[in-house]
Amino acid sequence: MASTPRIVIIGAGIVGTNLADELVTRGWNNITVLDQGPLNMPGGSTSHAPGLVFQTNPSKTMASFAKYTVEKLLSLTEDGVSCFNQVGGLEVATTETRLADLKRKLGYAAAWGIEGRLLSPAECQELYPLLDGENILGGLHVPSDGLASAARAVQLLIKRTESAGVTYRGSTTVTGIEQSGGRVTGVQTADGVIPADIVVSCAGFWGAKIGAMIGMAVPLLPLAHQYVKTTPVPAQQGRNDQPNGARLPILRHQDQDLYYREHGDRYGIGSYAHRPMPVDVDTLGAYAPETVSEHHMPSRLDFTLEDFLPAWEATKQLLPALADSEIEDGFNGIFSFTPDGGPLLGESKELDGFYVAEAVWVTHSAGVAKAMAELLTTGRSETDLGECDITRFEDVQLTPEYVSETSQQNFVEIYDVLHPLQPRLSPRNLRVSPFHARHKELGAFFLEAGGWERPYWFEANAALLKEMPAEWLPPARDAWSGMFSSPIAAAEAWKTRTAVAMYDMTPLKRLEVSGPGALKLLQELTTADLAKKPGAVTYTLLLDHAGGVRSDITVARLSEDTFQLGANGNIDTAYFERAARHQTQSGSATDWVQVRDTTGGTCCIGLWGPLARDLVSKVSDDDFTNDGLKYFRAKNVVIGGIPVTAMRLSYVGELGWELYTSADNGQRLWDALWQAGQPFGVIAAGRAAFSSLRLEKGYRSWGTDMTTEHDPFEAGLGFAVKMAKESFIGKGALEGRTEEASARRLRCLTIDDGRSIVLGKEPVFYKEQAVGYVTSAAYGYTVAKPIAYSYLPGTVSVGDSVDIEYFGRRITATVTEDPLYDPKMTRLRG
């Protein structure tokens, strides 16, 4: 067998052992798995996990992980018994809000290919006789959910992979990570150094300690979560012949933050209905492997009965039969939580070859392991990992204070019904643009992303609702789609289309790539030919080696060796920094290149609208005519005495520019434009109007409209790919592909009734079959109809009808050519 890289996996829990198995399946054979605990019971979260697997999730990625986990554990058998008991899952509603949310969740299930159905109260009780039918309003049943035997699965995976040559070393504590030349070289243990080409930390709630060994911030917080077992329940006698047997579905009562499973004739109850209990792993004491047992392990803390008593009372109301039993034993078990609730996956930006797979629960374990194995062996995962990427957080989101507060908030809200736009109440105002004071004066309604305060609309524009033509007034929204929205956005869209508006674009990531090797780097990473004269601005894509879209960016060549990039967050930053480091280290002096994140030190105003040129001419002597600054060109100008880089581009589809200056000059630039714009009716406009105008123009948004799971032709972005270019990452994979030949294509949908507004991720049906899901959606104020985008089979044509399911209601939509607004680009080039 050919030699493969030396892999060291830290952690022999459900993720680490699954990863070893997935790597073996792909032909990698030089693998060592370490754990500080005994292999038969490592003592991490896996060892006490109750094993409930509910697959349905708002995230396509997380649902994909869960589906594969079920599939794999079902196939992992010994003596004819698998590691997954597919009893099904039942989620019940005791409030109208929860019942509506179950309808939405059923939509997610349909979108992600998971079978489920809504049950009436009577059907819930028939399926689960112990339920108190009087308080149940309905339920969601997913037959393929069930119970994972996580600890047993770990032992079978160890047995299987050991026979394939994997080395396991239990009771082995990691004391450090060896490195040389910016790359991992080994793992230090008390017994010596284990050489390694790749190290993967699957250390669970110890993950932050392992990361700290290389100076890496791993943003997870260990939190204790309560779990109890009851004494025998009389109504359960004779139902299960195994001590941990179960025949009833796993049960979730999210209105009270509770879940349930059978343990033979006893019940297991998990509760999030208590105060957050953060755990400092340094207080757990020295690890003593010889003392680990089922009831004594580092991840299992003493039970605090007083925290559980309200949950016990709620349990007896939901399941009256449990009133005849008592709490027999319980514990506070440690799990990992993160600032946004997602797992932490991928390669460290600090050290090449050091990977993490942390904050992963049993539900997603095998799916995550598969994705990580694909990433290691091929350089990409078949499942898009953007929302799980360890590099996704901004620096301000990696501080211990931020990680602690937000992770505890996620614990409190874990079962809450949260709107997609639901803002955090705290921490806020972490990052504000230089225009923030002016935004507040204008009554901005702020939402937060990446730590940035982003205005969505301005109350100062409310009076415009009485001035604008009646056809611009949007229809009344239902309660859900109406949350965190305002009709004022329509007025802001109207002013953008008919006069001029100022948009704060500061939070969008800006990178400077410079040095003699800058062009070489960008040519290899992007799909466009960037060998253009200074002043050129280019829209282009970053692809992975299989042709998946890993990002879309704009590149402005400011000089021979300096480029400004408009990127998509810290994932792009880490990608460019790593590529620049590799090129600089491996090349000659002429290959030297550096990447700087300039976002915090700069700011940007999008000045857009048919009167934008009239406005800017009042405060600048520079030539902003079509000849003076052509479409997709940049130049240095002076506006109101302030040095500015102006780029002629617009993501709202109107004449205008992105105007960049240093942060210290930002408020002066805003004030100069604002004052000069008063005769032209200038307004400040927010992200709500921006999103609507973007969709009317057919512009894609990375992370929703396209990911690594889509190629440029499927996404309708073939124009951004220059196949005549000598080389770029992903080029080989795109050979022979065309938009017309794509098996699926991103399509524009317009809602037939003109008033039903969806938000995203709703399933799309064609001829009664779920064939896609909504990627982006908004009300189109200019076109006076709701808009949605969805990937649909290539056989679906313009003019065909589809149905979008929204809270259980089917909404008819028509496949429409895009863009809906200004397809000939006359407004942009005006």
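Glycine is no exception: its Cβ is also placed from the backbone N, Cα and C atoms.
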Legend entry - Per Swiss-Prot, member of TYR539, TYR575, TYR651 binding (6S)-5,6,7,8-tetrahydrofolate alongside THR554, GLY566, GLU658, LEU659, TYR660: TYR539
Inset, instruction - Within 10 Å of each Cβ, count the other Cβ atoms, then let me know which of the binding-site residues SER47, THR554 comes out lowest. - result: THR554
Legend entry - Fewest Cβ neighbours within 10 Å, where candidates are the binding-site residues ILE14, LEU52, LEU659: LEU52
Inset, instruction - Give the distance between the Cα atoms of GLU658 ((6S)-5,6,7,8-tetrahydrofolate binding site) and ILE14 (FAD binding site), rounded to the nearest whole Å. - result: 49
Inset, instruction - Ten-angstrom check, please: count other Cβ atoms within 10 Å of the Cβ of ASP552 (active site, for 5,10-methylenetetrahydrofolate synthesis activity), all chains counted. - result: 26
Inset, instruction - Quick one: of SER47, LEU52, TYR259, TRP361, THR363, ASP552, which recorded positions lie within 10 angstroms of GLY566 ((6S)-5,6,7,8-tetrahydrofolate binding site), measuring between C-alpha atoms? Sequence order, please. - result: ASP552
